[in-house]
Amino acid sequence: MSILSKKLNKLDHTIPIYSPRTTYKNIRQNDEHLLADLTLNFDPFTINVLKNEFGIRDMQMKLSEFILVVKEHLLSWQVDIPNRETKLVRCLTNLFEEIDLNGNGILEWDEFTNYVIEKATVLNNIKTKVDEIKTYTKSQVKPLQAQTKHLTHKFNNLVTKILYIPHIDRLALYEEGSAEILFMNPETGVMNNKTLKVVPKSLFVTSSTVKKDEEGLIHVETKKNFIDLKTMILDILYIPDKKYQVLLTSSNDKYVRGWKHSSNGWVLASQPDNEEELIEHEFKNEIYCLAWDSLNEILYCGQKNGNIVIWYFKTDTEKELEREGAHTEVIMDMITMPKLQFLASGALDGLLILWDTINNKKKRVYKEHTRGITSLSFNEALILLFSAGFDHEVCVWNPYIDNLIYKISGHSSPLLGVKVIEGTSQVITLDSDGNVRVTDIKKFSNVQCFSVETSDEKHKFNPQCFTYIPKPLKLAFCGRSVQLYEYDKNYNPNYVDDYVAICCAFVPSQLAFYTPAGNKIKLWNALTGDIKKIFSDVTQGEITCFTLDSLKKRMLIGDSMGQIGIYNTYNGAMIKALPKHSAEIIQIIHADAITMFISAAMDNKINMTLDNDFGENELIRTLELKDVMITSLGFDPITKMIIVATNTGITSFYESDTGKQNGSFSELTQYEEITSLNLIKNLPYIITTTTNGKINFIALPPLLFKFQKVFYFKNEDSEQKLLEQQKIQKEGEQQLQQQQTQQINIGSAKGSILNNMGQGKRKQDDQVQQNLSISNCIYCDQTKCLFLSDDKGFIKCFDISQILTILEKSYNNHKDKSNNGAKSFLIPPNFDGVEYQEVWSQRAHYEMIKSLEYIQEENLLITTAYDKKVKLWDSKTGNLIDQLQQNYDKQEPRPIAFKRSGTEEIYDTNLEERIDLKRKSSLKNAKLLVKNEQKGSQTAIKSLSLTDKKLNTQESSTQEQEAAQQPQQNKNEGVQGQGDDLFANFNPNKTYDEEFNPFYFMDKIDKTKLKTDRSNSDWKLHINYIKYFESFEDSIKQLNIDIQKQEHELREKTEKQGINNRRFKVNPYQNSDLNAQKFGVDHKPILKDEINFKQENQDQHKVKADNRIQEGLNQVTNSQATLPRIASLQNNKLKLQNQQQQVQNQQTEPSSNRSHQQPGIETKTLAAISGDQNKKQKKVWDNLYKKELQSKFLFGSNQSEIRLSKEEVDAAHRLAAALANYDKDDYRSLKFYNIQIKESKGPKKLQPLSQSKKK
């Protein structure tokens, strides 16, 4: 049963496998990260070079040209990642699409430079969900007595310090001069009955008394007494490590004690490894400050005299840090940085000292503070250290830098504390006056300021300290009392934002939903429902209008201040601003047919601005309406008319060329507001909706009955209708029961019931007349359906196909120039017998719906409402799919399986059972083998062997497909060429399919063994991502083919011209007139032995070397090869045999066969001398240069023999690969790559390796 693999060890490294949807999300996210890193390479020098490249091509490039050009200037970008070439092409393709905003497939220089400028201006405005900082508000929670739970707990003295203990979810605090620690519930404010009282050991005293008895004898009496001592707490610290979970206290009796929480309260804790030994230590001096190093299990204790003592928990020993040049006054705060192996200490002497925890010596001393330091804090993610003191300022440091980075100012009183909220970009500071400032670390900008005050005006709060509670995030301040401040008090996990989202747009290229709310835009991943990024502070005012251009590459945004801007959908950068209105923006339209932007505002003005990419704003004309208010705006691309709807029920039509009014339609009811406009494709009609619940069909030119209503129907109150029906049915049933109990004639009872039902029906008909106001309406051309939302929060779907059929038939008759259509040309169509059908109706929200969006490709409806929710609906059935939620505690995607690293074995989530298909086949074959052994049948064994052969064939074919992306050996080289290739056995870390195919692992898993095939079961929306994935992959594959073809053509062209296109230098072996040149255009001497090369020999040699160098280079960079690994590969027996055969062939080859060589070239014999195996890798490279190997080949030395060890030859191959990376056609790389390993007994005589081994 050797065919079965061993059980997975817990120490084995495993790789999580996610569902295809989550995997595809990770692939796209990785592409975005690589693209962000790639754009950092656009420094001024690179941009200047690219400008010259653009200039050669008339300042514009196509996609393939852009990739070819930029690739040449990104040779040092991410050279060690697998599948680098493919990733580079993917990134450059995404970059091209991101820059090409007009979608013409051509990248202009203006587009490129504008993108670079945009990228620099929006870095601070792009945030993640964690970066977004909300505000703090005062909580109603206050300290309450434990007995009554409604009376306020009063403290006798100031509360000196407060900290949060997550293990028991309590706030620990103590009063000034007290030896007792109190515990408070942060949710209710109730103080615990059980407290922690620090009681020192009693003092043992022996007293003697002398007495004289009656007889005159003297007696001495001895008594033993215990005196109870009192102490006060100086500092407290909680160790959250699971191994300890101990509360430490330092007191003025020079003791530091550890306390453990139990069911009986707090007791002295013992060492985890020795229960008999208590966590208690007596120091020589009082400890005023404590800091814990969780990595090394060390406690740093700061003393009053400025000394720092180290207490090693494991050995219960102590050690002092060096005193020379250290603190001279009491240490106020210390903070450990275990990952950086630093300790920071701040004291009242104003010094901030950074200690090296490895040798316990000073690393740096910062002297920026002019007065004493009171508090320290550290942000591990950004590697920033913060120090606050009595000089009113917070200094920001980087532990690796000697100088100050930044100063946070704004306080007017001495600072008492500074805290970094872990996992966020917030820094909280508190001063002695109770002023609190919230600062954004990444922008160093003030976010919020508030003051901590007490309800009692007679007494000040006198703040002393503060801490924070992580979940839910709260700030706890202590002074005369305890006050709590809640973060994002109005936070609701089901909301999309604190503000109402005015709409929700879908961008297919990003697979993201855009929800503008307030002055920011949130981007939601359509694959997982998570927030991808946030465009913050987009506008000065609140966003009131949001729409996308025709290509969905630009955002058109208007705000409450009348400002309009065009922004990039990829990065949120502002491209340009449109002419400003004097009031709130209502709607913006991108009229692509006339290349204009049309905007309407509350000032009753309509601006028409030319869409001229990055040029200046060109306002074409302005239309001003009087005595009305614009409610909706539309544009007909066929007639090129601007359609304006107003609050008075008038729909006006204006010519876009002249601005003149062409006609209008008015509702019969005055002030019947028009709420929406919808055009019908290929038909001269529009659909309008009103606040009275009417859906109107209005004719447009060229119809002679233009600007007239040809048909309408009403939006009935479905809820009211249903209630009336239920009411009638209920009343009928009640009357029937009453009549049955009174034994009344059944016939008369039925008659009365029918009579009442008829009355109810008439009442219902009266109710129908009160139609619901329509807030939004969208028409779908393909499904012939009309989707609308009303004021009651309902969304409905109407099938209007019969109405459209009549309109289409009538319009076709109008286009008929015969006499038969002349009569119908003048008369509106007849709708007798035409019915519209309500397909479905659904209660979407319990408040008014703000917007309604329809995504036809995904059969998706999106609603936003004033309840701050965004919901996704199935447009076919009206069922709720999911909703966007700002849930901070949302679970991360869970793996569906695990893969053992370095193998093809795949295990379930419990790491107990293999679930890969290969395992399934192995088990099947193993069972068949056992069965055949029992039967003793040889034929069955043969069939098993055939099955194994098929399995091996499938595995080999799979491996061939996975290796398809690796560089292929030249077929002309044969076996000998493969043996010479030093990098033949290198494999990339990941194959192409493994890295870019989201279904790669799913195709290898036995799906019947999976517990679940979804990594994110919380997200119910199923976007058809396969369509986007296949489309992008097909374009990349075709693009790779085009690029390879162009590179081949370019290579042939440069070879014919003898010019290297990359550095524009002449290669000596490509110049026909070599004898006339002594130096190349790069001012480097030409090799002497290269001058006499024949062209035919050089060409053949170059093709072989090119292929081997490129393959070796790609495989080295993909597998991150090291010299030891190369040496082990070169010691392969097969390679040595091939090299031996090649040497023998060269020795035994007759002179006639070598007559084609030029007489000026001597065949160099490079004998390899076995080197010392214990040499370091660094010496190999040093040896290479010490022997001047490089200079000998570069400048054409005539030395006939150079002796090299195997490690040095390996280094030479690496140098060849590096030279090829610099320049693929560099002749120097050809020379280095041809170095071969040979062993010799004499200076020139070569001996086969096999014979030397025998000796």
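Cβ coordinates are placed from backbone N, Cα and C, and glycine is handled just like the others.
These figures come from a predicted structure and were not determined experimentally.
According to Swiss-Prot, the feature Ca(2+) binding site maps to Asp100, Asn102, Asn104, Glu111, an assignment based on sequence analysis. For Asn102 (Ca(2+) binding site), the same-chain residues that are 6 or more apart in sequence and have a Cβ closer than 8 Å to its Cβ are Glu111, Leu551, Asp613.
What Swiss-Prot records for 953-969 is compositional bias 'Low complexity'.
Summarising the annotation, Swiss-Prot assigns compositional bias 'Polar residues' to 1148-1160.
Residues annotated as domain 'EF-hand' in Swiss-Prot: 87-122. Residues 31-32, 34-35, 38-39, 42, 47, 50-51, 54, 59-63, 66-67, 70-71, 74, 77-78, 81, 509, 535, 551, 553-554, 568, 570-575, 613-614, 1035-1036, 1039-1040, 1043 of the same chain lie 6 or more positions beyond the ends of the domain 'EF-hand' (87-122) yet place their CB under 8 Å from a CB of it.
The region 'Disordered' feature in Swiss-Prot is assigned to 941-988 (among others).
The region 'Disordered' annotation in Swiss-Prot covers 1140-1160 (among others).
Model confidence over the repeat 'WD 1' (228-269) is summarised by a mean pLDDT of 90. Residues or ranges marked as repeat 'WD 1' by Swiss-Prot on the basis of sequence analysis: 228-269.
Look at Swiss-Prot and you will find 282-322 tagged as repeat 'WD 2'. Summarised by DSSP class, the composition of the repeat 'WD 2' (282-322) is 0 helix, 23 strand, 18 coil.
Outside the repeat 'WD 3' (326-365) by six or more residues, the chain places 288-296, 298, 300, 302-308, 310, 319, 371-378, 380, 383, 385, 387, 389, 395, 397, 399, 402 with a CB less than 8 A from a CB of the stretch. The repeat 'WD 3' annotation in Swiss-Prot covers 326-365, and the record cites sequence analysis as its basis.
Counting only same-chain residues 6+ beyond the ends of the repeat 'WD 4' (368-407), those with a CB under 8 A from a CB of the stretch are 329, 332-335, 337, 339-340, 342, 344-352, 354, 413-420, 422, 427, 429, 431, 441-442, 444. Summarising the annotation, Swiss-Prot assigns repeat 'WD 4' to 368-407 and lists sequence analysis as the type of evidence.
Long-range neighbours of the repeat 'WD 5' (410-449) within the same chain, counting only residues 6 or more positions beyond its ends whose Cβ lies under 8 Å from a Cβ of the stretch, are 124, 130-131, 133, 135-136, 371, 374-380, 382, 384, 386-394, 396, 460-461, 463-468, 470, 473, 475, 477, 479, 485. The repeat 'WD 5' feature in Swiss-Prot is assigned to 410-449.
Sequence-remote contacts of a segment are chain residues at least 6 beyond its ends whose Cβ falls under 8 Å from one of its Cβ atoms, and for the repeat 'WD 6' (496-536) they are 21-22, 24-25, 28, 97, 122, 125-129, 131-132, 134, 488, 490, 542-548, 552-553, 555, 557, 559, 567, 569-570, 572, 850-851, 853, 855, 857-858, 860, 862, 864-866, 868-870, 882-886, 890, 893, 1016, 1018-1019, 1021, 1023, 1025, 1028. The repeat 'WD 6' feature in Swiss-Prot is assigned to 496-536; the stated evidence is sequence analysis.
Taken from Swiss-Prot, the feature repeat 'WD 7' applies to 538-577, supported by sequence analysis.
Residues or ranges marked as repeat 'WD 8' by Swiss-Prot on the basis of sequence analysis: 580-624. Distant neighbours of the repeat 'WD 8' (580-624): 101-102, 110-111, 114, 544-545, 547-550, 556-564, 566, 630-635, 637, 640, 642, 644, 654, 656, 659; these residues of the same chain sit at least 6 beyond its ends, with a Cβ under 8 Å from one of its Cβ atoms.
Distant neighbours of the repeat 'WD 9' (625-664): 586-587, 589, 591-594, 596, 598, 600-602, 604-606, 608, 670-679, 684, 686, 688, 690, 698, 700-701, 706-707; these residues of the same chain sit at least 6 beyond its ends, with a Cβ under 8 Å from one of its Cβ atoms. Swiss-Prot lists 625-664 with the feature repeat 'WD 9'.
Sequence annotations record features per position, and here Swiss-Prot assigns repeat 'WD 10' to 669-708.
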**Request:** Using DSSP reduced to three states, classify Asn104 (Ca(2+) binding site) as helix, strand or coil.
**Result:** coil
**Item:** Candidate ranges 282-322, 538-577, 769-808 - greatest C-beta contact count to the repeat 'WD 12' (844-883) (under 8 angstroms)
**Value:** 769-808
**Message:** Cβ within 8 angstroms of the Cβ centroid of Asp100, Asn102, Asn104, Glu111: which residues besides those meet this for the Ca(2+) site?
**Reply:** Ile99, Leu101, Gly103, Gly105, Ile106, Leu107, Glu108, Asp613
**Prompt:** Within 10 Å of the Cβ of Asp100 (Ca(2+) binding site), how many other Cβ atoms can be counted across all chains shown?
**Reply:** 20
**Request:** Determine which residues of the chain contact the repeat 'WD 1' (228-269) at the Cβ level, with the cut-off under 8 Å and only residues 6 or more beyond its ends counted.
**Result:** 160-161, 163-168, 172, 174, 177-179, 181, 194-196, 198-203, 278-292, 294, 299, 301, 311
**Request:** State the non-local partners of the repeat 'WD 7' (538-577) in its own chain: residues 6+ outside its ends, Cβ under 8 Å from one of its Cβ atoms.
**Result:** 98, 101-103, 114-115, 118-119, 121-122, 125-126, 499, 502-503, 505, 507-510, 514, 516-521, 583-590, 592, 597, 599, 601, 603, 614, 617
**Request:** Could you check what DSSP calls Glu111 (Ca(2+) binding site) once collapsed to helix, strand or coil?
**Result:** helix
**Message:** Summarise the repeat 'WD 12' (844-883) as counts of helix, strand and coil residues per DSSP.
**Reply:** 0 helix, 22 strand, 18 coil
**Fill in**
When each of the binding-site residues Asn104, Glu111 is scored by other CB atoms within 10 A, the minimum falls on Asn104
**Complete:** Reduced to three DSSP states, the repeat 'WD 7' (538-577) has 0 helix, 21 strand, 19 coil
**Asked** Tally of helix, strand and coil residues over the repeat 'WD 5' (410-449) according to DSSP?
**Response** 0 helix, 23 strand, 17 coil
